[in-house]
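Everything on this sheet refers to the single structure shown next.
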Amino acid sequence: MKTTRNVLSLALVLVLVLLPAFSAGTKEAAQGTVTLKLEQFSGSEATLSGEALRGMIAEFEKQNPTIKVELQTIGYDDYFTQLQSKVVGGNAADVFELNYENFVAYASEGALADVTSLLGDTSGFNKTALDAFNYQGVQYGVPNSFSNVVLFYNKALFDQANLAYPTSDWTWKDVEVASKKIMSLGKNIWGFYRPLTFHEFYKGAAQNGGSLMNAERTAFTVNLPQNIEAVSIMAGWQNDSKIMPTDADMAGMGDWDLFKSGRLGMLVTGIWAFGDFTANCPFEWDIAIEPGNVQKATHFFSNSYVVSETSKHPAEAAKLAVFLAGSKEAAKLRVEASWELPPVTYPEIIDSYLSITPPENREAVFASLDYLVTPPVSIQQAEMQAIIESYLGQILSGKQSAKAALDACQKELEAKISL
Amino acid sequence: MSIQGRRGIRVALPYLLPSLLGALLFAILPIIISLLLSVTNWSGMSRIRLTDGFLKFVAEHFVGLENTKAILADSEFWRALSHNLYFVVLYLPLMLVLSMICALIINAPNRGANVYRVVYYLPVLTSWVAGSLIWKWLLSPVYGPINNFLAIIGIEGPLWLQSEVWAMPSIVLASIWKDMGFYAMILLGGLKSINTEYYEAARIDGASKAQMFARITLPLLSSVLFYVSMLSMINAFQLFPQVMVMTKDGNAGPNGATMVMVERIYKYAFRYGKMGYAAAYSWILFVIIMAFTYIQKRGEKRWVNYDV
């Protein structure tokens, strides 16, 4: 009895030890094909975007029969932690996705391959988006999508409140007035939602004529008077005018869900909500350029495909990146899935993007591009954002005045973050 | 060392080797590496190889005690430490009393002892992530059963995990639920080892139950109680998964209310690209735990009784 068990467990150990040796990889060299690993966070398996991505990969494999692509999609929350350990261990995927905010850190650490000469024709790319992934004169990646944020509004609530729909001339004042009327429609109906996060703050500061860094990005300017005013108004939406629900009011409900439930008049969020809202809003909705205070400013979000410095097939990897990011075929699939904006300039793609409704006013997406402000970026991006958000929390909870908090924030950033 | 001793080692070594190898690879080596990293400014985002120029890498990125100095000079560190201490202050006494009660219930000669044993021990076997998610739901301000129950008896429940004041007590609550069974089992072991003759003698002398508990059980259990309090204090300083899952991650809880040492170490290592700094942070934590253990050990002589 005992011997049988020993033999069995020994066999089990042997199987476990030897198994990896027989797994994939040994076969492919013989057939002359190259297998590329692709890892990304945008798009999810379950939605239209996942289908579009699989379609793009299938098309690429059809055009390049000697290249096989292994896709792994990892949720945004875990993506960067696992990416870091893979990069450090030298096991990063051949092609992986980075957002604009994390791109600088990885480029400066030498984790990315220089693809300047491997990209081929890049004339189809939107220039702003392409240049975003150029670090110190070297192109380290290609934008695969870009997107911005607009004002979504619930037409039904506006009709009920006898209000005119938001236009591109609206300012924060108009939002406040309209919100109050919408809230008078009933209990648990809210006017506006725009949380005081790092991203909303840098944009809000710009909408009020301020900025978090100087133009050369060599110094922080977090406690400018314009920023202090902007942050006071933004916090006031929750604390003074109360047109915006607090975390307690939301009780764990997300902002998108609140909008879809028909109880929110206006929501500032990304155009990546189009697919979800089209499918799940039981009422009519539309969009407008986001209102500013003294001037307009809109978000620039961009994700990119980069090639790992450790990739054994950089040429093939760059080819895959360019195809997924900038080819007409891929852009078409992306548009059909309402999956952010393809970073391309092909007129027919842009036209087909505009022809899809809702929203009726899709032009606002492109009109918003005129007011793009790029986020402040540092090699210590995550730490910088966490510091800023901790002070925004102080302001929201009323523990510190906007001025005191931003003064302290400026000091801490100067001490901890090198620019 | 006697000849027998040396021969003993030779015989024992092959048997010890597998686990020794594991300890060396997965505990001792990483400890040495983290010590070396703690004096560097490695970001944790660039590639390094242990087998290829690691010491040269350390020398090139050497910053001496800069990391340690920067940590100690940062008010954030003291804030995180004070949150850990706050946790210990709430957790330790509650833990000792409740696990003691559990152990006494299980030890009492009643029919359901085994059922109790399983019930108290189940949370210990649950993974922290699953447990945290359950507690997150239980403590949800509007939909959570706890606040709904409080509403029935006319109390407006707090926002729990979303409230700056209640976030840490909520974490303590969940931690006690999770750990109580474990410590109760250790205490139960101590209770079982007390000779029943003491109780018989006391009963003949007319001692009450409370007297027996205070005069016999507690003194004879003091060594086990000491062990339990030391273990739970060390655990308390390593507080991490429940905080990460239950409270808002980006800000370390509402306005940083659940910012604790290990959470900081994790953020610096894996979010903020400061691996060297994080390594120094963990060595500081090590020193703190050492110091507290030493103090407790000193106190041991005063109240712990080893003559069972």
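Positions of Cβ are set from backbone N, Cα and C atoms, glycine also.
Cβ atoms under 8 Å from those of the transmembrane segment (B:12-37) belong to residues 50, 54-55, 58, 275-276, 279, 282-283 of the same chain, restricted to positions at least 6 beyond its ends. Annotation comment: TrEMBL describes B:12-37 (among others) as transmembrane segment.
Residues annotated as domain 'ABC transmembrane type-1' in TrEMBL: B:81-296.
Taken from TrEMBL, the feature transmembrane segment applies to B:85-106 (among others). With a cut-off of 8 Å between Cβ atoms, the residues of this chain six or more beyond the transmembrane segment (B:85-106) that come close are 113, 116-117, 120, 168-169, 171-172, 175-176, 179-185, 187-188, 190-191, 225, 228-229, 232-233, 236-237, 239, 260.
Residues annotated as transmembrane segment in TrEMBL: B:118-138 (among others).
If one looks beyond the transmembrane segment (B:166-191) by at least 6 residues along the same chain, the residues whose Cβ comes under 8 Å of a Cβ in the stretch are 83, 86-87, 90-91, 94-96, 98-100, 102-104, 106-107, 117, 120-124, 126, 128, 131-132, 135, 139, 158-160, 217, 220-221, 223-225, 227-228, 231-232, 235, 239, 242-243, 246-247, 253-254, 257-258. The transmembrane segment annotation in TrEMBL covers B:166-191 (among others).
Residues or ranges marked as transmembrane segment by TrEMBL: B:212-237 (among others).
Counting residues 6+ beyond its ends, the transmembrane segment (B:275-295) has Cβ neighbours under 8 Å at 34-35, 37-44, 61, 63, 67-68, 70-72, 77, 81, 230, 233-234, 237, 261-262, 264-266, 268-269 in the same chain. Per TrEMBL, the feature transmembrane segment maps to B:275-295 (among others).
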